[in-house]
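Visitor: Okay, handing you the structure first.
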Amino acid sequence: MSAFTSKFADELIANAAYIGTPGKGILAADESTGTIGKRLASINVENVETNRRNLRELLFTAPGALPCLSGVILFEETLYQKSSDGKLFVDILKEGGVLPGIKVDKGTVELAGTDGETTTQGLDGLGDRCKKYYEAGARFAKWRAVLKIGENEPSEHSIHENAYGLARYAVICQENGLVPIVEPEILVDGSHDIQKCAAVTERVLAACYKALSDHHVLLEGTLLKPNMVTPGSDSPKVSPEVIAEHTVRALQRTVPAAVPAIVFLSGGQSEEEATRNLNAMNQLKTKKPWSLSFSFGRALQQSTLKTWAGKEENVKAAQEALYVRCKANSEATLGTYKGDAKLGDGAAESLHVKDYKY
């Protein structure tokens, strides 16, 4: 049997293509309450609902930012939240031409029988939740699987388990009208070289697309959110051109042309690094049947967060910092970023957190 055809097939295909529009990308603002608490703590702001809402309102109403975006990933709390003047965030995004998305996984747990590898929870009741999220205005979803590189990792067991979970999630989303973002993140932690990362990335993506095929997922109505192929965090850095070459080659070998767009995660790179690497990929003269874009969280928000510091009088400057990063990444999706963005506070600092939990 070929791809499963849901009653939403045409809508899924149109929305996936829209999210992949060159010149646009995704703002990942789906941090769990615990994770956003750590971000707020870094600027000495208390983790209460009002402050979380204030930060998200700052992001979603920043002048000039929304035209650079095609989607924003929300945490469940934010899907139902309103701005200070009583307007649903979902409506603010839609009016700005941005599709709302929703994080649907329930985090990772250790995979029994492995050396600290993980699997992602959240399949129980997923169909009902997707239906509810669609009714609330969400049009795409995200599920993060996490793999690590070690002497014997990732194991075949971990690769298979995570690929299967992603495929199961993807088909359930499509049954309920949500475009699934398939995110198999290979953590940057370690001292491995770029060749090792490339080999592991190819193995993981090949397994994911085999699982998606086995589950009859409509590839035209999906997006891929992979890591860039880079050396490990404890290894010497390489140039954006080298990262671009290894990343695009790994994708050419594994990602079917039916997939409309690949939206990279930033994986703890600095804001500027992530943008330069994406730009280098789009400048590569080679076969790329999918658009290459971004789905950045930390790499879009860091300088904004530092500029804001929880103070009302800093909102305008913080929104300007967000616009600068959105514009830079918009240009990077077209391969036209000149590296001339005004670097905000924190734009050049590494955002790597070992064993990162979202």
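Yeah, the Cβs are placed from backbone N, Cα and C, and that goes for glycine too.
So Swiss-Prot lists the following for this protein:
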type	residues	note
MOD_RES	Ser2	N-acetylserine
BINDING	Arg39, Ser266, Gly267, Gly268, Arg298	substrate binding site
MOD_RES	Cys68	S-glutathionyl cysteine
MOD_RES	Cys173	S-glutathionyl cysteine
MOD_RES	Cys173	S-nitrosocysteine
ACT_SITE	Glu183	active site, proton acceptor
ACT_SITE	Lys225	active site, schiff-base intermediate with dihydroxyacetone-P
MOD_RES	Ser350	phosphoserine
MOD_RES	Lys354	N6,N6,N6-trimethyllysine
Visitor: Out of Cys68, Cys173, give me whichever of these modified residues has the highest number of other Cβ atoms within 10 Å.
Guide: Cys173
Visitor: Roughly how many angstrom lie between the C-alpha atoms of Gly267 (substrate binding site) and Lys225 (active site, schiff-base intermediate with dihydroxyacetone-P)?
Guide: 11
Visitor: If you measure from the Cα of Cys68 (S-glutathionyl cysteine), which of the recorded positions Cys173, Glu183, Lys225 is the nearest?
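Guide: The answer is Lys225.
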Visitor: Using DSSP reduced to three states, classify Cys68 (S-glutathionyl cysteine) as helix, strand or coil.
Guide: helix
Visitor: Would you mind pulling the DSSP three-state label for Gly267 (substrate binding site)?
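Guide: DSSP call for Gly267 (substrate binding site): coil, neither helix nor strand.
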Visitor: Using Cα coordinates, what distance in whole Å links Arg39 (substrate binding site) and Cys173 (S-glutathionyl cysteine)?
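Guide: A Cα-Cα distance of 29 Å.
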Visitor: Just to verify a number: CA distance, Gly268 (substrate binding site) to the residue listed as 'active site, schiff-base intermediate with dihydroxyacetone-P', in angstrom, no decimals.
Guide: 14
Visitor: According to DSSP, which kind of secondary structure is the residue listed as 'active site, proton acceptor' found in, if we only use helix, strand and coil?
Guide: strand
Visitor: Would you kindly give the Cα-Cα distance separating the residue listed as 'active site, schiff-base intermediate with dihydroxyacetone-P' and Glu183 (active site, proton acceptor), rounded to the nearest Å?
Guide: 5
